[in-house]
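Copied over from TrEMBL:
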BINDING   ASP43, THR44, ASP82, LYS110  3-methyl-2-oxobutanoate binding site
BINDING   ASP43, ASP82, GLU112  Mg(2+) binding site
ACT_SITE  GLU174  active site, proton acceptor
Amino acid sequence: MKMNPQDFVAMKGSKPIPMLTAYTCPVARSIEEAKVPVILVGDTVGMVEMGFDSTRDVTIEHMEYHIGAVRRGAKKTHIIGDLPYGTDIDPETAFINAQRLMQAGADSVKLEGPNIEVIQHLVKCNIPVVGHTGLLPQTAKNFKQVGRSSEEAKRIMKEAQSIENAGAFMVVLEHIPYSLAGEITEALSIPTIGIGAGPDCDGQVLVINDALGLGDYWPPFSKQYAYVSKTVLKVANEFSEEVESMKFPSNIIQFTGTNRS
Ligand code: KIV
Ligand code: NA
């Protein structure tokens with residue numbers, strides 16, 4: 001059954017929340033089959049799938065396309081859709097764009113930073129909101145850990161608290177010191193989902209391409225559970241060799257069936 005925002009809040013303190021990003025239908029289908037309760041269609045799609053250098057190149061149309069594909073693959077999983085750079089500049093603009101993501105198949109939207117008025121407005125308009133603090137890729141100059149000085153740590157703690165007070169039901173903590181993530185997790189009553197934020201969060205999120213080893217770079221705090229890029233290379237090599245040597249297709253086996261009965 002599809003989880004709603006209240007279900008995630010209820011998990012806080014009792015059961016860690018696993019979250020993965022997805023951008024395509026077949027990957028979303030497998031993630032749903034694994035019973036991962038929440039999929040994030042992140043604007044990381046711009047970097048890990050589209051070849052852009054920054055998430056700032058992602059548009060609302062790109063997000064609609066990918067959210068639609070993920071929804072068709074994962075009909076019963078809670079889907080969070082990222083509001084891309086520039087689409088949440090004021091409450092009314094954010095509402096129009098959030099509605100587009102919801103119509104494309106999202107159950108909630110995520111936005112970066114302490115954009116308090118925007119969060120309040122979306123929540124008032126019945127759009128569930130996930131916050132995001134710590135490293136904010138849409139506006140950061142680099143991808144270094146943030147929150148190391150005590151002033152920065154205080155600022156991030158305050159941001160997390162104001163995101164909760166504005167009505168968000170969950171917050172992503174990206175690339176901050178583990179101790180700070182633990183303190184924020186304790187201070188909030190909504191679940192924290194960490195990425196590069198250590199073990200003391202209420203849940204963890206990984207970018208699926210990083211977890212799959214599908215790419216040419218991944219951050220040190222991610223984990224590779226497979227090396228799919230190597231598999232693609234192997235398949236492409238074998239296929240081209242077999243075509244060149246006329247081993248594929250074979251004239252002995254004529255396949256007429258389908259693996260989708
Ligand atoms: O876009 C994304 O995938 C994200 C995660 C890194 C949290 O925002
Ligand atoms: Na994002």
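Please read every residue number as a count from 1 along the shown chain.
Using the three backbone atoms N, Cα and C, a Cβ is placed for every residue, glycine included.
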So how many other Cβ atoms are close to ASP82 (3-methyl-2-oxobutanoate binding site), meaning within 10 Å of its Cβ? 30
Determine the most Cβ-crowded residue among the recorded positions ASP43, THR44, LYS110, GLU112, GLU174, using a 10 Å radius around each Cβ and all protein chains in the structure. ASP43
Filter the candidate list ASP43, ASP82, GLU112, GLU174 of recorded positions, keeping only entries whose CB is under 6 Å from an atom of ligand 2. ASP43, ASP82
Using the centroid of the Cβ atoms of ASP43, THR44, ASP82, LYS110 as reference, list every other same-chain residue with Cβ within 8 Å of it (recorded 3-methyl-2-oxobutanoate site), in sequence order. THR21, LEU40, VAL41, GLY42, VAL45, THR55, VAL58, MET63, GLY81, LEU83, PRO84
